[in-house]
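Asker: Could you have a look at this structure, given as structure tokens, before my questions?
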Number of protein chains: 2
Amino acid sequence: MRLLGMQPKGFRCCAKNVGIKDTSLDFTVITSDVPAAAAAMFTRNSFCGPAITVGREHVRDGRLQAFVINSKNANVATGEQGLANVREVVRLVAEELSITPEDILPSSTGVIGRQLPMERLRQGIAGIQQQLRYGHLEQAAQAIMTTDTYPKMHCCRVGNATLVGIAKGVGMIEPDMATMLAYFMTDASLTPEQLHTILKDAVDDSFNMVSVDTDTSTSDTVAIMANGLAGEVNLADFQQALRDMCVRLARELARDGEGATKLIEVTVKNALDGQQAKRVAKSIVNSPLVKAAIFGADPNWGRIAMAIGKCYEQDTIVPEKTDIAFGYIPVYHRGLAMDEGHLSALKNYLRRDEISINVSLGLGDQQARVWGCDLSYDYVKINGTYTS
Amino acid sequence: MRLLGMQPKGFRCCAKNVGIKDTSLDFTVITSDVPAAAAAMFTRNSFCGPAITVGREHVRDGRLQAFVINSKNANVATGEQGLANVREVVRLVAEELSITPEDILPSSTGVIGRQLPMERLRQGIAGIQQQLRYGHLEQAAQAIMTTDTYPKMHCCRVGNATLVGIAKGVGMIEPDMATMLAYFMTDASLTPEQLHTILKDAVDDSFNMVSVDTDTSTSDTVAIMANGLAGEVNLADFQQALRDMCVRLARELARDGEGATKLIEVTVKNALDGQQAKRVAKSIVNSPLVKAAIFGADPNWGRIAMAIGKCYEQDTIVPEKTDIAFGYIPVYHRGLAMDEGHLSALKNYLRRDEISINVSLGLGDQQARVWGCDLSYDYVKINGTYTS
């Protein structure tokens, strides 16, 4: 995971433990040597945290110079005090880095409803300027984890520039317009407007297509800084690279979903429009019955039909035009269930750790692809004891 | 559970095993000695079974004389053959009972995507006329079970008449406009129009407010027959009795949800309108994170805030106007988390087997109440091995 030669110019990072909950990494600062063009997308949850409020304010002018992120405490449902606390964290970090507070985007992730332990944060922030190192972003990827089982990071070259992305998120995941936490750093030169457009496109086809448990977090943030130190790049190439990286990270988030043993990819084709394709695909990937059956490798494909059929509010589904397959194994074809002979093939297929469900609605020519994971005993265990 | 004196006049019943899957009760006929006024509501799932198609046809004239129900096979996604099979079952039963096929409402519940074992059904139906007995409805309640852990039945008197209701349903439950399977038999005299109106009202506030797992079944049916043998009743009294019975059965379905260890009742008050109250309440009761936390008795109340906040699509939620309480224990009051001192009270409260979550949105004066259950290891177990 070390970046080695692959690191964007002019980004330093520090990841440390300040003692928010235990002794694991819980606080990270990623900063650019020069102010960077920036764009960000946030959760639409009405109970969003004050870090979201401050982040929205600060990215509005398209310029950022640092991300400041704590894990283990979401600082949500904490009222005026919670807002004052995040402003103080931002101010203290800005003083340390000698940058303006308005160029910092803060994030908090973890338990909801508790105030940040400010005294520990103040002590942890003091002297952080001396702890910043070039590269080391894999430590940042580690520090933003909550119940993630491994840090998620990818990097690639685009012309002379480098793009690095880190992300976290395993539960309370059905992002909408944004996602969990994901940060991208590049030394390419791009305008804030360009960044905003390509970030939104990439997020729509990646993080917004992931659902671990239908629950939309109060802290979701995706942000990118482009500091320009590597000069101009081909915009289309950069857009493709960012999009590919978002999809890769999104798949990793699904695969590492809380308690997950399998990645589920659902592709719905031949829909009337993209929204219909997405609704049906999400209905399948979010069905607890489908998820539990896949966990148990139970060839109960009828539940896919149920999940398609329950999209009756907005969608006309025609069973006689619908096809359902697992990978290349057809299980339902336009009104008729598969031959029982396919059942043993399906049972074998379900032992894999990546399950593809392919649906054709036979209504139009649009499609969508979403990712999720199975529902296991460990999901219940992790979430039955999260704060206890 | 025996009805003893409490049975509506003129209803006979037979519940038996015809060998659809194993040796448990899997087939039941409930019939009135005379044609009865009737009403029914059905699943809106687009992949609904052919029994739903036939049931819709037969109840259209407001008259029925028998319910015919099999468990262990839903006869869904079975194409033309599935439809022909259910028509044959109805015709054979009608011949046995010497009634018209159009006065029979059929239902099937169980696994999706398999044809009914018709030879066994034909043998089981032969001679059923001699097996009908007055009363014995508790056996019908038993025969319609799938993964239910106990039969659900209630009865009450309204004037000179008696009302009996039976229901089943533990998984694939988020009914809409109808529910799982529930049947009501009464000897009161009511018109089909009266029955339809009061059934719809009762279902809206009871079965339509239950969600075990957000999955809407392909077989949901609620139906009532009123054969008039006890004469007229006060309509308001009957309406209240039916509504109370529907709520009682709905709560039982939630409490007996697959793998459930606790009943969850969510009441959302002071909403702008009833739809908003219902959306927010359903969002809470359906959140896997909330359900798993309640299973583990983890006082992670922040997840309630998350579940309220994620209703941003259609609803304006104002955290500063929102209150959240478990029973009488306040945990969040208009922007501020509770005192940590309440935490031990909350921990104690969560050990109960009925959990009430009370939310005030502070926006209007409408409310809704919904029921669900916790998410346990056993839900995963039951649904990971349903057909294996």
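Glycine too: its Cβ is placed from the backbone N, Cα and C atoms.
Remember, TrEMBL labels are computer predictions, not curated facts.
Annotations per TrEMBL:
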type	residues	note
ACT_SITE	A:Thr179	active site, nucleophile
BINDING	A:Thr146, A:Lys168, A:Thr179, A:Glu258, A:Asn383, A:Ser388	substrate binding site
Asker: Among the binding-site residues listed here, A:Thr146, A:Asn383, which has the most company in the form of other Cβ atoms within 10 Å of its Cβ?
Answerer: A:Asn383
Asker: Which residues of the same chain, at least 6 positions away in sequence, have a Cβ lying under 8 Å from the Cβ of A:Lys168 (substrate binding site)?
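Answerer: A:Lys168 (substrate binding site) has long-range Cβ partners A:Ser71, A:Thr109, A:Ala141, A:Ile144, A:Met145, A:Thr146, A:Asp148, A:Pro151, A:Lys152, A:Met180, A:Leu181, A:Ala182, A:Leu253.
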Asker: Checking A:Thr146, A:Lys168, A:Glu258, A:Asn383 - which of these binding-site residues have a CB within less than 8 A of a chain B CB?
Answerer: A:Asn383
Asker: Taking the Cβ of A:Glu258 (substrate binding site) as centre, how many other Cβ atoms lie within 10 Å?
Answerer: 28
Asker: According to DSSP, folded down to helix, strand and coil, what is A:Lys168 (substrate binding site)?
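Answerer: In three-state terms, A:Lys168 (substrate binding site) counts as strand.
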Asker: Helix, strand or coil for A:Thr146 (substrate binding site)? Use DSSP.
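Answerer: A:Thr146 (substrate binding site) sits in coil per DSSP, no helix or strand.
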